[in-house]
Amino acid sequence: MAGRNDTVVTEFFLTAFPEHPEWGLPLFLVFLSFYLLTLLGNTGMVILIRVDGRLHTPMYFFLGHLSFVDICYSSVTVPQMLAMLLERGAVLSYTRCAAQFFLFTFFASIDCYLLAIMAYDRYVAVCRPLLYVTVMTEKARWGLLAAAYAAGFSSAFVRTVTAFTLSFCGTNEIDFIFCDLPPLLKLTCGDSYTQEVVIIVFAIFVMPLCVLVILVSYVFIIVAIMRIRSAGGRAKTFSTCASHLTAVSLFFGTLIFMYLRGNSGQSSEEDRAVSVLYTVVTPMLNPFIYSLRNKEVKEAVVKALSRSKSRGRP
């Protein structure tokens, strides 16, 4: 499928783990189960938050939208990856590759912004508890959510237009599981300095900015927790942030490892393994992280299960 060096690329051939073709079926079954768990867990979280009145709070408002975005975020890449594993590759047109890159960047950016907003929500709840109700009003919540979607769209639009005004020539093989920026940049030819600078500048407004908001929020939260005299009070307050911190560490840890490390010494196999973590594993684990580490969610799950059992009795 690879073209000659002077051939302009009009379509892309994606390969998944070509060094190990025997992995195709086992990985297909594993990733399919992960994807079904992602759909089940995140859809369940959205429904649970909507039907249980105890979860109608700002924190769970944002968590419900995070679960919805995780469904979209995973669905942009995983179904195609499953097809690639069965067919040992997939051909994507230039337009389809650009559309996938835009949607992935769009939902990944919203995910970043929502995690930062949730950190700010925890900051207000812990450090300004008396002002929490007046600060995190319904109007403020919808405003923050709209801002996350608008910022995600702007970032994704500019990065996609900039990336796909680059010239791609030579081989059209992408040794990756979807159309992402690092493997696309390897196919560029000619002077791409200006486009790469624009891409990096807009990337700074997503990942590092969100990480900064999260770090500053948790510095103030930790200081506030340390001022609590009783050990039980400190543990109870910190437990409200533990699930969010776990989700943040998992999501941003893999993204930072993928996008903010140096180019030297990178291998395609290593890149694919990391990409599987943030496209397949993280969206699957989020609802379980918030369920297992959050008392209110666990109580809501138990209540929903007991209600369904009582309805099923004759």
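Positions of Cβ are set from backbone N, Cα and C atoms, glycine also.
Just so you know, TrEMBL annotations are computer predictions that nobody has curated.
Listed in TrEMBL:
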DOMAIN    41-290  domain 'G-protein coupled receptors family 1 profile'
TRANSMEM  23-48  transmembrane segment
TRANSMEM  60-78  transmembrane segment
TRANSMEM  98-120  transmembrane segment
TRANSMEM  140-158  transmembrane segment
TRANSMEM  197-225  transmembrane segment
TRANSMEM  237-260  transmembrane segment
TRANSMEM  272-290  transmembrane segment
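Looking at which of 23-48, 197-225, 237-260 has the most CB pairs under 8 Å to the transmembrane segment (140-158), the answer is the stretch 197-225. Listed as Cβ neighbours of the transmembrane segment (197-225) (distance under 8 Å, sequence separation of 6 or more from its ends, same chain) are residues 109, 112-113, 115-116, 119-120, 122-123, 126-127, 151, 155, 158-159, 162-163, 181, 234, 237-238, 241, 245, 248, 252, 255-256, 259-260. Over the domain 'G-protein coupled receptors family 1 profile' (41-290), the average per-residue pLDDT in this prediction is 83.
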